[in-house]
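This report concerns only the one structure given below.
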Amino acid sequence: MGILSITDQPPLVQAIFNRDVEEVRSLLNQKENINVLDQERRTPLHTAAYIGDVAILELLILSGANVNAKDTVWLTPLHRAAASRNEKALHLLLKHSADVNARDKYWQTPLHVAAANRATKCVEAIIPLLSTVNVADRTGRTALHHAVHSGHLEMVNLLLNKGASLSTCDKKDRQPIHWAAFLGHLEVLKLLVARGADVMCKDKKGYTLLHTAAASGQIEVVRHLLRLGVEIDEPNSFGNTALHIACYMGQDAVANELVNYGANVNQPNEKGFTPLHFAAVSTNGALCLELLVNNGADVNFQSKEGKSPLHMAAIHGRFTRSQILIQNGSEIDCADKYGNTPLHVAARYGHELLISTLMTNGADTARRGIHDMFPLHLAVLFGFSDCCRKLLSSGQLYSIVSSLSNEHVLSAGFDINTPDNLGRTCLHAAASGGNVECLNLLLSSGADLRRRDKFGRTPLHYAAANGSYQCTVTLVTAGASINEADCKGCTPLHYAAASDTYRRAETHSGNSHDTDEEPLKESRMKEAFFCLEFLLDNGADPSLRDKQGYTAVHYAAAYGNRQNLELLLEMSFNCLEDVESTIPVSPLHLAAYNGHCEALKTLAETLVNLDVRDHKGRTALYLATERGSTECVEVLTSHGASALVKERKRKWTPLHAAAANGNTDSLHLLIDSGERADITDVMDIHGQTPLMLAIMNGHVDCVHLLLEKGSTADAADKRGRTALHRGAVTGCEDCLAALLDHDAFVLCRDFKGRTPIHFASACGHLEILRTLLQAALSTDPLDSVVDYSGYSPMHWASYSGHEDCLELLLEHNPFAYLEGNPFTPLHCAVINNQDSTAEMLVEALGAKIVNSRDAKGRTPLHAAAFADNIHGLQLLLRHQAEVDTTDKLGRTPLMMASENGHTAAVEFLLYQAKANITVLDVNKNTALHLACSKGHEKCALLILGETQDLGLINASNSALQMPLHIAARNGLATVVQALLSRGATVLAVDEEGHTPALACAPNKDVADCLALILSTMKPFPPKDAISSFSFNLLKNCGIAAKTAACGALPNGSTCPYSKDRHNAIGLDGCYSE
């Protein structure tokens, strides 16, 4: 917002500024626009309110000026009058219904503005019209916050007298008194304290009044707070005390006051830093540091990372402060948790003068730091040649010759070729840093240029990787091996080919601009190119492969260095072979995968065949499409790459990949390549077209594009499912609408006869279902829409529990309930525990449906019992479901629950529904027989708990087996005990002549043997029983009739001791539906 010239304003505004009432009246009589707006949407009334001329203001209002007009920042004339302290103008505006609660863009009301601008009279006029004086602006500040911020004692007093809250916090939890302390408004602070303000209040980050006063150097406020007895060492959320803050901000007077009042000079914060650490690092902390040292601060106190105050001074090269610390006993070679001493830190940040001071005071230049590096490693790594020279001391080596060795030893006391823990010497670091002056200093000091690190890399590898031309030339000239491979088989040429990627990130000053980056980047690329060119000119072999089979051409392609790639292709004798080779991956694939369109263009212009495939059958075009690189797709298609080549696993083409990933632009390019008329309908291994994949992944733009380009909307995959089926599953309304707009057939069926309406119902997509039903009416209103198993959409909605879809289907065609499979929607709902849809069906269609039967004669109550659905059972019985109804096998819901071991359902049917436990099925099994046959002990005990009837306990089925036989055979000890205690007979024999005791035998032969043994034991059973028992035994005994086959049971099964013994009681397995 600039300053506007008065001469550029409308005549009415000029007259107002000139306070010329008659001119204003004259202009208004001439029909001058009274609500004319300037560039910031301010009206003449804003101007009059700002000037405060009541006569003009009233004239404008009476002439129809909008009293609540807002400018671009939503300020009204009332805001303007309050800001200018024009109380008469404000009174007049209020008299003419100006909105006293109007807010500007910062949510500030006229009260906020008046309080901030010391307009006491205006505030007195506004307050009676407000419900509260504690209304907050967007930052959470009240009028009292603004008044305190302005330091106006009279305004503060007025607001307090009118009920302003002392403890109201803004959005950073700062109270008005925080601002008084921070801005040094001592009298205001005293008033607030006298009115009861909390002098120990904290904001959201834990800052107290003492912290804020210390930060801004408000010495008088600090003294007053200390006199009030505030806690001097109270930490904020970061553990910093007021002394920490004062030292960090360089407020030496405040720091002095705090120290004199007894502040702890050695109190650490959350990271272990003391005030001395802060004083050592801050811009203006020199006097604070001296004060702390003179008052007993521990100069060797280490933070949680092991940094001493001397480390902190070394970061920013605080020379004078480092001298003070050293003179006061700071440990020169104190190491942090990484092993770095202050000398390492000074070398890392290039502070030569500080290095001199540290070395003069005995700092160990051979001390190992991070990764076992010397300070010299760090100095040369970051390219500080002056520091390098200083650390090399005299810069000259002398030889110590003995009978055992002939080593170069530095005068500083360490071997210059000593490696770090990764095997890298100082020369490696210098080569990586790229400062040729450092490199020359080390070489002249005897550094070994052939030394390899743990990765097998020489300094030349590092120089090449960083694209450092001068360092590369220096090392090669000095005799470095140009084709030496590292542990991965990479030569310096491999790294040079990808040098722009491997280049170490350099530090820039904080005020660097983006405009400086482009020339710098261009300069680096040129240097990297010259480096590569130099290596090639000096014998580097471009045909050498690393251990994975990649040449320098592969590296250049993978990292997108077009100039490097062109140079390598030009210099390589077998370049075409390298480019076309797909072992392990071709350069074309690498460039496409990484989205390097310039490199890709170079390769495309070199190659004849762009459709070479990798081991998975993917072409470069497929990879570019899959990765969403439209530029690469454009390059490849313009050079003739095919969009129809399929990869091996799913048989996807680039079109499939583009559609599945939603890469619309790439898809457009592929279609426009015009390889085939039906290119959009190409199918994968499952028969899916790109349209189907686009819809499955909800890519609407791709769907529209494919349909516009001729993709067949009704194309079906190998399971007969179309794009419309997929749209119904995903629920994408836009995709579905696009398909219907292109005449997709709504009632198309898959291999199971299911339509998209079935899928929408099953997935619960209400709006999709509504759209499909409407479309189906116009297609074939008589189609019953049942699948090949007879299930309708209503079956699926009920089974899946989608109430809204079921409601729509019932509204659409309530008679659909009776169509299709007799296993009704109600059966489906209760068997899947969908009580809400079950209740909806009963309420909509009446109680008559609760006793409907499926093909096996089973009612919904059978289904609920099978699923152990108690709520379903309750619902059905509430609507007169028949509790003892039987299916075609003669089984009741209780029998169904017993057979499947559903204890809760059995308990409910027995105790609540009073189900009949004596009902027999077609094989004369009771519920007790069925529970025992499947080993459901709890169910059997529940049934036994309801009866003492010997007729039921000793009831035999068509195989003459009692519950005791079956319980014994299945090892149900507690059930056997319960049966025996209720009088179950132990001598009854089944069809095979076996008693319950013999039923415990693992197989028939064992049972027969056990029977023979028992027959010879005393006491004997009654004579009749013996003869009957012996007859049956001999008839079936394996000894007496080895070749006799076991007779069939009444239900057609074989011997009850066969592998599937449960068939002896005529069960038909689990509930098949």
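Cβ atoms are placed via backbone N, Cα and C, with glycine included.
Annotated in Swiss-Prot:
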- 73-102: repeat 'ANK 3' (REPEAT)
- 106-135: repeat 'ANK 4' (REPEAT)
- 238-267: repeat 'ANK 8' (REPEAT)
- 305-334: repeat 'ANK 10' (REPEAT)
- 338-367: repeat 'ANK 11' (REPEAT)
- 455-484: repeat 'ANK 14' (REPEAT)
- 548-578: repeat 'ANK 16' (REPEAT)
- 583-612: repeat 'ANK 17' (REPEAT)
- 616-645: repeat 'ANK 18' (REPEAT)
- 686-715: repeat 'ANK 20' (REPEAT)
- 821-851: repeat 'ANK 24' (REPEAT)
- 856-885: repeat 'ANK 25' (REPEAT)
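Here the repeat 'ANK 3' (73-102) has, by DSSP, the following mix of helix, strand and coil residues: 16 helix, 0 strand, 14 coil. Counted with DSSP, the repeat 'ANK 11' (338-367) comes out as 17 helix, 0 strand, 13 coil. Under 8 Å from some Cβ of the repeat 'ANK 20' (686-715) lie the Cβ atoms of residues 650, 653, 655-656, 658-664, 667-668, 671, 677-678, 680, 722-724, 726-727, 729-730, 732, 734-735, 738-739, 741-745, 748, all in the same chain and six or more residues away from its ends. Within the chain, the repeat 'ANK 10' (305-334) has long-range Cβ neighbours (under 8 A, six or more residues past its boundaries) at 271-274, 276-281, 285-286, 289-290, 293, 299, 340-343, 345-346, 349, 351, 353-354, 357-358, 361-364, 367.
Secondary structure of the repeat 'ANK 24' (821-851), assigned with DSSP and counted as helix (H, G, I), strand (E, B) and coil, comes to 23 helix, 0 strand, 8 coil.
For the repeat 'ANK 16' (548-578), the DSSP-based tally of helix, strand and coil residues reads 21 helix, 0 strand, 10 coil.
Residue counts for the repeat 'ANK 8' (238-267) under DSSP, split into helix (H, G, I), strand (E, B) and coil, are 16 helix, 0 strand, 14 coil.
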